[in-house]
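Swiss-Prot annotations:
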type    : residues               : note
BINDING : Cys353, Cys414, Cys417 : [4Fe-4S] cluster binding site
Amino acid sequence: MAGKTLYDKLWDDHVVTQRDDGSCLLYIDRHLLHEVTSPQAFEGLQLAGRQPWRLSANVATPDHNVPTSKKERDQGIAGIEDDTSRIQVQTLDDNCKAFNIVEFGINDIRQGIVHVVGPEQGLTLPGMTVVCGDSHTATHGAFGCLAHGIGTSEVEHVLATQCLVQKKSKNMLVRVDGVLGKGVTPKDVVLAIIGKIGTAGGTGYAIEFGGQVFRDMSIEGRMTVCNMAIEAGARVGMVAVDEKTIEYVKGRSYAPKGEQWDQAVAYWNTLHSDDDAVFDAVVELNGTEIEPQVSWGTSPEMVIPVSKAVPTLEQAKDDVQRNDWTRAYQYMGLNAGQALADIQLDRVFIGSCTNSRIEDIRAAAEVVKGRKVAPSIKQAMIVPGSGLVKQQAEKEGLDKIFLEAGFEWREPGCSMCLAMNADKLQPGEHCASTSNRNFEGRQGNGGRTHLVSPAMAAAAAIAGHFVDVRSF
């Protein structure tokens, strides 16, 4: 009998019952909530007269709609100018109080982007099933978790039953061996993967990321990669547990202590695919060949190394891709064969659940130190992923590096990743962004998004256009 993959092990450990149609009822260990996908779920509980099944499994924080300017933030919820955004944040606050759910509120130092806060607090632990009403919940798979996003009706179901009906995915292994070169980051790795397999390449699969590159990668780097599994078409992305995982979790607020810690570690050390496990699909990349990446179009798969030019229609593989590229040229205001360095940038955004952790901010600061934002850049902003990340960065003096260079140093939140708060692009503006999505209008109506790493974004802010960070 063949061995099990990590995904198989996590799935089997959480099956409550198998249904006649082949789907399974899974037990959910951790449920993270935010203000956008939870209001109707809480209303459903109220109308049915139900209470959350296991209060301690649920933790909430507002992130999508919160303002990141200090002036607005100091006013708390009342400082949110947009009525809909303010109502959503207030409703989360009210619901958490009504149901006695722990919430890291808008002015709590622990508040932040839910996918930064969960691991930071030790709410995310190896071996857990983790769900949240947000597609980038795959982030938590970096800890050897089975983590994925859910819809609002499923949020209600988890609140009420602590279980969820799911159909099992197939197994895919993405193996990246070799050693990353100078200036090549986890963000470049995942963009290169998406560039290779496309945004539908992982559809129907749970992706395990393996190989030397991921073994060498930090936990925060693994979070960046797993975060974008959804952009590769998969709901689930994960990395096996190792000593780095255990060391990261140790001592965090919600991590087990004493004898419970020892028992947990013994289990966590089993969370890897068996040597004889069989995957349904295997994708391989040579990490040594990966360069810093820049997305040029309106899909994460429209990505190229910084050394390349915008592709021409002759390079498209079929008519569908030719049509997609033609529309992307028009929307992005680019020409086939245009050099990336010729794209005039308007704004730079360093933040989001993909790249707003302390390592990301350090990487950007290393590039920025002693330099100035180019006069042609209208706005360059750093948005830490949580209050604690912001606090740590300020302790290290990183905020001063950015402020002296001409960056804005913001309060934590989702910010310019998506057009649901005050941080938006104007029509026609090009933005070097460390976020995860670049479809039409993602950062604001008519806004043009280019996905890059924090180091590449920082270099672009200084140069005023894309430049190979390896030359800095």
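Cβ atoms here come from the backbone N, Cα and C positions, even for glycine.
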Does DSSP put Cys417 ([4Fe-4S] cluster binding site) in a helix, in a strand, or in coil?
helix
For the binding-site residues listed here (Cys353, Cys414, Cys417), which one has the lowest count of neighbouring CB atoms within 10 Å of its own CB?
Cys353
Residues near the [4Fe-4S] cluster site, Cys353, Cys414, Cys417 excluded, by Cβ within 8 Å of the Cβ center?
Asp63, His64, Ile113, His136, Gly351, Ser352, Thr354, Ser356, Gly413, Ser415, Leu418, Ser435, Asn436
